[in-house]
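Per Swiss-Prot, the features are:
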| type | residues | note |
| --- | --- | --- |
| MOTIF | 57-67 | motif ''HIGH' region' |
| BINDING | Glu560 | L-isoleucyl-5'-AMP binding site |
| MOTIF | 601-605 | motif ''KMSKS' region' |
| BINDING | Lys604 | ATP binding site |
| BINDING | Cys890, Cys893, Cys910, Cys913 | Zn(2+) binding site |
Amino acid sequence: MDWSQTLNLPKTDFPMRANLAQREPQFLRFWEENDIFKKMLKKNRNNKKFILHDGPPYANGDIHLGHALNKVLKDIVNKYKSLQGYYTPYIPGWDTHGLPIEQQVIKKLGVNRHEVDPVEFRKKCKEFALSYIDIQRQQFKRLGVFGEWEDPYMTLDPKFEARQIRVFGEMAKKGYIYKGLKPVYWCPSCETALAEAEIEYQEDKTYSIYVKFEVIDDKGLFANLNLSGKKVYIVIWTTTTWTLPGNLAIALNTDFDYSLVDVGNEILIVASELVERVMKTNKIDQYHEIARFKGKDLEYVKCKHPFLDRTSLVILGEHVTLEAGTGCVHTAPGHGEEDFEVCERYNIPVIVPVDNKGYLTQEAGKFAGLFYEDSNKEIAKELEASDHLLGVEKITHQYPHCWRCKNPVIFRATEQWFASVKGFREEALKAVDDVKWVPEWGRDRIYNMIADRQDWCISRQRIWGVPIPIFYCKNCRKELITDETIDHIAKIFEKEGSDAWFSKDVKELLPEGTKCPVCGCMEFEKETDIMDVWFDSGSSHAYVLESREDLEWPCDMYLEGNDQYRGWFQSSLLTAVATKGRAPYRIVLTHGFVVDGEGKKMSKSEGNVISPFDIINEFGADILRLWCVSADYTTDMRISKDIIKQLTEIYRKIRNTARFLLGNLYDFNPKTDKVGCENLKEIDKWALQRLYKLIEKVTKAYEEYDYNQVYHLVHNFCVIDMSNLYLDINKDRLYASKSESLDRRSAQTVMYEILVALTKLIAPILSFTAEEIWQNIIFKEEDAESVFLTSWPKVNENILKDETLEEKWNKIIEIKDIVAKQLEIARNEKLIGSSLDSKVKIFAKGNIKRFIEENKDIIQEVLIVSQLEVEEGDSDQIKVEVYKADGLKCERCWKFDTMVGKNEENLNVCPRCYEVVKVK
């Protein structure tokens with residue numbers, strides 16, 4: 001007889017093979033066609049808000065794994081909060097101005113930006129940005145990320161630009177905007193100033209040189225020293241030879257000792273502590289010290305520039321250290337921030353002998369016309385020829401490069417517009433402490449950055465961006481910016497966008513009758529610089545959070561990569577504090593970078609770049625989403641094909657757990673078949689307790705943004721509590737009991753609750769799979785169209801906190817583990833095949849024996865053996881013996897029983913199975 005026809009075997013349309021790459025697009029269509037995101041919002045419309053403000057990715061190129069990690073983490077936050085009942089509108093955004101897009105357009109059109117019509121050029125830049133917004137939008141949606149994709153914010157939106165102008169105006173009104181000559185990062189390739197956030201450091205090999213500056217006025221300090229007519233030189237050390245034409249001073253430290261060292265034919269001055277190192281590096285064996293002076297004694301000594309007709313003044317500066325070089329610092333105020341500041345104190349003028357394109361000017365003398373990098377060799381040759389070159393050393397150092405063109409940048413003093421961070425630094429630091437930083441070290445990182453940072457250079461010498469809304473009087477050159485001019489420009493931009501600045505005449509951009517407040521002239525010129533793109537995105541909180549009814553300022557969270565401490569987190573904080581006196585966010589959460597399987601940075605040259613779509617097209621977006629939580633995302637995340645393949649195995653275990661649960665609930669309707677808590681079998685109550693503990697821990701992990709913990713908890717629950725234990729034990733009563741028996745319905749009641757809860761717990765992470773499971777639950781208590789329209793699972797506190805139940809089942813599982821080892825030995829010795837082939841004898845004494853006897857039936861069920869006997873033992877430790885089971889094997893349930901075949905119809909089944917088939 002085919003007994004399988006009498007069993008309640010699993011039935012489900014939920015496939016074992018996920019085929020995520022093929023199946024996921026169906027769920028994308030389902031979510032879109034049924035407006036699931038909008039329905040999520042509608043469901044929670046009157047509840048507390050949770051607003052995550054999206055940091056705008058740059059609209060050029062396809063998304064990379066860093067983008068994917070970022071957007072998936074945001075999606076996890078939002079979906080969890082929504083399931084918890086929060087109202088979670090999410091407005092994706094794009095950063096659309098700036099250098100990278102300009103460069104792409106120049107490359108595409110093959111034009112010189114200085115010769116092209118600005119309005120036409122800006123039009124091409126806009127088209128380029130919009131085309132990539134469309135591409136990236138589809139790519140982000142493919143990840144399963146929910147949001148207002150058809151109504152995002154863009155920094156090129158006229159309303160955004162108008163709000164940005166008003167933010168600028170508010171800062172100017174408070175005195176935080178000024179124009180000044182200062183050294184800034186300058187990219188000669190891109191011909192523009194750069195912000196610190198636009199700088200990337202790379203390891204460069206270069207030459208450092210030791211240069212002698214002849215002392216021509218010692219202030220009488222050396223008069224009483226017997227120098228034998230030898231010349232005295234102060235030795236400086238530099239890694240940027242090309243800046244020597246800009247040298248105007250030599251900085252010493254007030255408190256350091258400086259030695260006059262006789263090296264035979266001349267006297268050299270270096271910091272006393274560095275004498276030995278400097279002499280060794282420059283291969284000088286014979287030397288002795290003549291005298292020592294404090295740095296402060298040498299102040300105002302004058303030296304002759306080694307190749308220009310100019311003097312270099314000895315000055316004092318706290319920035320001088322003994323970490324490298326000679327303790328005597330080459331000082332060029334046009335090429336360094338500290339140089340600029342220290343020279344300012346001495347009223348030393350600033351010269352900048354390098355032009356916008358990086359070529360040396362007439363102020364560099366015979367080196368004029370050379371590209372700054374090419375001048376290094378020529379200057380070194382000149383120094384050697386004139387006997388001013390003491391030595392050369394090859395070094396490796398971290399040097400700043402342009403974030404976009406990847407070429408080295410220089411420090412160059414130019415007239416730029418700045419936001420005076422000094423003006424509101426204390427407020428900004430206080431605002432940092434009002435924010436929750438996750439991880440906690442983020443607080444110290446941004447605090448120190450703001451405490452130490454200089455004023456923010458906000459002007460750029462480019463075309464594609466929001467113009468700096470300032471005018472200059474043609475007569476007296478006074479800058480003009482007032483409430484009226486800002487309001488007038490903002491209103492124009494709101495209607496026409498910032499293109500109006502380039503297409504309209506000055507008179508149209510100014511309120512009628514505008515006069516210079518100084519000289520009364522009515523003729524003006526426009527500022528030609530645009531704003532730093534970090535000012536664009538840094539103003540997003542003002543536009544996005546305040547202009548949309550369903551959002552609020554400040555928002556709850558910013559979530560970006562940890563490079564944004566010096567980028568968006570900081571620019572947003574600065575504009576917010578300057579205009580509103582507080583941070584625009586309550587929580588800042590950061591993640592690390594994506595690196596390859598060996599922990600190396602991904603780069604095209606290394607050939608180790610993995611696209612998110614390499615993974616999605618082969619394994620599915622849910623596997624990529626699982627990867628996002630598979631490690632501690634607050635540090636760098638490794639990825640490789642091997643890592644992804646390992647994750648598919650973990651995913652399969654979660655999926656198979658869901659499939660088993662679904663397959664055994666095909667005939668269970670919770671509305672009619674549910675068993676009350678008081679009537680549940682004890683093993684089912686234990687399983688519920690395990691579920692409730694899982695819900696409690698997973699909820700805590702989600703609340704703490706510890707998604708890696710969620711991943712481990714869910715995986716362990718599926719494998720250890722479910723597959724290896726509860727579900728395996730349940731198979732017999734699920735398949736072999738009467739379909740409507742209390743025994744089976746008790747199991748189904750709990751399995752239904754486990755399935756529903758598990759589906760919700762994984763939904764923020766495995767969104768596609770959770771939706772697929774939800775759609776395959778035939779009968780549901782919650783009549784929700786989508787898993788994302790349900791509520792977070794709740795726990796039964798009585799069961800959760802039932803310590804007696806927990807202690808009892810901990811003992812039972814301990815016994816199971818001991819027995820399992822002996823069963824494995826018996827299996828290896830070919831005594832048994834399946835555990836049902838066995839009879840187990842447990843030898844125990846005292847309380848443990850009594851415990852096993854009292855719970856013999858439960859323990860036998862848990863052990864999945866045909867017979868269990870308990871006998872008196874002689875040790876405190878239980879002893880286990882395994883035998884072949886007594887009786888015959890039931891052909892229906894495969895248990896051994898001495899009563900198999902002893903029934904009216906002589907069927908080879910056990911008494912339990914006979915009762916079932918007899919009825920059938």
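Keep in mind that glycine also has a Cβ here, set from the backbone N, Cα and C atoms.
With a cut-off of 8 Å between Cβ atoms, the residues of this chain six or more beyond the motif ''KMSKS' region' (601-605) that come close are 65, 593-595. The DSSP breakdown of the motif ''KMSKS' region' (601-605), given as helix, strand and coil counts, is 0 helix, 1 strand, 4 coil. In this structure, Glu560 is the one among the binding-site residues Glu560, Cys910 with the smallest number of other Cβ atoms inside 10 Å of its Cβ.
Lys604 (ATP binding site): 7 other CB atoms within 10 A of its CB, across all protein chains. The two recorded residues, Cys890 (Zn(2+) binding site) and the residue listed as 'ATP binding site', show a Cα separation of 64 Å. For the pair Cys913 (Zn(2+) binding site) and Glu560 (L-isoleucyl-5'-AMP binding site), the C-alpha distance works out to 60 angstrom. By the criterion of other Cβ atoms within 10 Å of the residue's own Cβ, the least surrounded of the binding-site residues Cys890, Cys893 is Cys893. Look at Cys913 (Zn(2+) binding site): DSSP puts it in a helix. On the 0 to 100 pLDDT scale, the model's mean across the motif ''HIGH' region' (57-67) is 93. Counted with DSSP, the motif ''HIGH' region' (57-67) comes out as 3 helix, 1 strand, 7 coil. In this view, Cys913 (Zn(2+) binding site) is surrounded by 25 other Cβ atoms within 10 Å of its Cβ, with every protein chain counted.
Look at Cys890 (Zn(2+) binding site): DSSP puts it in coil. Between the alpha carbons (Cα) of Cys893 (Zn(2+) binding site) and Glu560 (L-isoleucyl-5'-AMP binding site) lies a span of roughly 56 Å. Within 8 A of the CB centroid of the Zn(2+) site residues Cys890, Cys893, Cys910, Cys913, the other residues of that chain are Ala736, Glu891, Arg892, Trp894, Lys895, Asp897, Val900, Val909, Pro911, Arg912, Tyr914.
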